[in-house]
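J.: Residues or ranges marked as Zn(2+) 1 binding site in Swiss-Prot (evidence: similarity to another entry): Cys47, His68, Cys175. Marked as Zn(2+) 2 binding site by Swiss-Prot on the basis of similarity to another entry: Cys98, Cys101, Cys104, Cys112. Per Swiss-Prot, the feature NAD(+) binding site maps to Trp200, Ser201, Gly202, Arg203, Val204, Gly205, Asp224, Lys229, Val293, Gly294, Val295, Arg370; the stated evidence is similarity to another entry. Swiss-Prot lists Ser2 with the feature N-acetylserine, giving similarity to another entry as the kind of evidence. Annotated N6-succinyllysine per Swiss-Prot: Lys234, Lys340, in sequence order, evidence recorded as similarity to another entry.
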Amino acid sequence: MSTAGKVIKCRAAVLWEKNKPFSIEEVEVAPPKAYEVRIKIVATGICRSDDHVVNGSIITPLPAILGHEAGGIVESIGEGVTTVKPGDKVIPLFVPQCGKCRACKHPESNLCTHGDLGRAQGTLMDGTSRFTCKGKPIHHFLGVTTFSEYTVVSEISVTKIDAASPLEKVCLIGCGFSTGYGSAVKVGKVARGSICACVWSGRVGLSAIIGCKAAGAARIIAVDINKDKFAKAKELGATECVNPQDYDKPIYEVLQEMTDGGVDFSFEVIGRLDTKVSALMCCQESHGVSVIVGVPPNAQSLTIDPKVLLSGRSWKGAVFGGYKGKDDVPKLVADFMAKKFPLEPLITNVFPLAKINEGFDLLRAGKSIRTVLTF
C-alpha cells in the first residue's frame, strides 16, 4: 500500500540532550511539502561532526535527529519536484545546490546560500520540522537528518545516483570521503610528483591520502598519534607514517627536516587549533599550500605570525571537499563504480540502527574508521 501523502511512523535515533546517549524512538515523519522529497534511508555513516553535536562543540537545536552522510531511495515527492522520482537511489546533500544563488553560480564555490550549514536552524527551508516524537517537534540536522528510517529534505538537498550503486558503500560519498578526497584533488589541487602530509589518519584523512595518490603525489606522509592507523594509511597510499609522540620537537619541524624544507601540500583533518598551525608551518615557505579540512570547535580563534604567509605559503579551506552536490556527487559515484577509488577499506563496522551508541563509542575510542548504520 502506498505511503505517499501519509504520515509515516518509523524508528529514529533521537538526541534529546547533549552529552547523553541516543535514544531509539518511534517518530512520525510528515509527507513532503512542495519542492520536498521524502527518502527511505538505507545506510548512514557515523561522522565525527555528529559527535561534535553530542558533546556540544557544534551547537544545533535539540532535541534533534542527527546524521548527514547517507544513501537512500525516494519514497515520495512533493508538488513541483522534477529532479528525482519515487524509486530513485539518492544521496542527501548537507551542502545543497539550488543552482540559482550567487554562490551556486560561481564556479569555485559550493556553499549554497540556502544551506543550514553555519546557521543551525534545525528546520527545513520553511522554518518547520517534518518530525514529531511523543507529541513534540524534533529538529532536523543540516537539512538532511539521516539517523531515521525516513527523512524529508528540500529538493535542492538531494541528488540522484546510479541505480546499480551499493548504498551501504556510496553513502560515504555523502560526507567524509568527498570531504577528504576533494580537499586533495579539487581544493588543494595536488600536483603530480609533489610531497604531501595528511595530519590525522581517520576516515577523512585516509580519503585525503587516496586523493593525493590519485593526483600522483610522489610522497604522502601520514601523521597520527595512533600507530594502529598506519597499516591502513599505507594500504591506501601513504609512503611514510609519523607519530608526533616519537619526537621531542614540534611535528612541523620534523616534517620540514624530512622534506628538505617542507611539504608542498598539507591537509589538517582533525579540527584542532594546534594541528592547523602545525599543518601550515610544515609547508614549504615559498609555495606550500595547507588545506583546513577538520571542523574547528565553536568560538575559538587562531593566532599566527603573518610572516608565515607573507613568504608565499597559502592557507585554504573548503566544506565537502569543494564539491557542488548535485553536479559532482553523481560523478563521484560513477567513478567509484568504475573502480577509480576504493570505499570498502574505509568501512570497519556495519551495525543496525539499534547499535548507534556502540558505533559512537568506537569512534570516540579511535577503534573505527567508519561505522555504517543500516535500516
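Each residue, glycine too, has its Cβ placed from N, Cα and C.
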J.: Just checking, which of Cys112, Cys175 (binding-site residues) has the fewest C-beta atoms within 10 Å of its C-beta?
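T.: Lowest Cβ count within 10 Å among the binding-site residues (Cys112, Cys175) is Cys112.
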J.: Please determine which of the recorded positions listed here (His68, Lys234) has the lowest count of neighbouring CB atoms within 10 Å.
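T.: Comparing Cβ neighbour counts within 10 Å for the recorded positions His68, Lys234 gives Lys234.
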J.: Within 10 Å of its Cβ, which one of these binding-site residues (Cys47, Val293) has the largest number of other Cβ atoms?
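T.: Max Cβ neighbours within 10 Å, all protein chains included: Val293.
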J.: Excluding near sequence neighbours, so keeping only residues 6 or more apart in the same chain, what lies with its CB under 8 A of Val295 (NAD(+) binding site)?
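T.: Residues satisfying the criterion: Arg48, Ser49, His52, Ile58, Gly271.
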J.: Could you round the CA separation between Lys234 (N6-succinyllysine) and His68 (Zn(2+) 1 binding site) to a whole angstrom and send it over?
T.: 28
J.: Write out, in the order they occur in the sequence, the residues of the chain not among Cys47, His68, Cys175 that have a C-beta within 8 Å of the mean position of the C-beta atoms of the recorded Zn(2+) 1 site.
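T.: Along the chain, the qualifying residues are Gly45, Ser49, Asp50, Gly67, Glu69, Phe94, Leu142, Gly174, Gly176.
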J.: Can you tell which of the binding-site residues Cys47, Cys175, Trp200, Val204, Asp224 lies nearest to Cys104 (Zn(2+) 2 binding site) in space, using Cα positions?
T.: Cys175
J.: An 8 Å radius from the center of the Cys98, Cys101, Cys104, Cys112 Cβ atoms defines the neighbourhood of the Zn(2+) 2 site; name the other residues of that chain inside it, in order.
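T.: The surrounding set, listed in chain order, is Pro96, Gln97, Gly99, Lys100, Arg102, Ala103, Lys105, Thr113, His114, Ile156.
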J.: Mind giving me a neighbour count for Cys104 (Zn(2+) 2 binding site)? Other Cβ atoms within 10 Å of its Cβ, every protein chain shown.
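T.: Its Cβ shell of radius 10 Å holds 21 other Cβ atoms.
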J.: Specify the secondary structure state of Lys234 (N6-succinyllysine) as given by DSSP, simplified to three classes.
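T.: DSSP call for Lys234 (N6-succinyllysine): helix.
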J.: DSSP three-state call for Val204 (NAD(+) binding site): helix, strand or coil?
T.: helix
J.: Out of the recorded positions Ser2, Cys47, His68, Cys112, give me the one sitting nearest to Val204 (NAD(+) binding site) by CA distance.
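T.: Nearest candidate: Cys47.
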J.: Provide the number of Cβ atoms within 10 Å of the Cβ of Cys101 (Zn(2+) 2 binding site), excluding the reference atom itself.
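T.: Summing over all protein chains shown, Cys101 (Zn(2+) 2 binding site) has 17 other Cβ atoms within 10 Å.
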J.: Between Lys340 (N6-succinyllysine) and Cys98 (Zn(2+) 2 binding site), how many Å separate their Cα atoms?
T.: 28
J.: Compare the C-alpha of Val293 (NAD(+) binding site) with the C-alpha of each of the binding-site residues Cys101, Cys112, Cys175, and give the closest one.
T.: Cys175
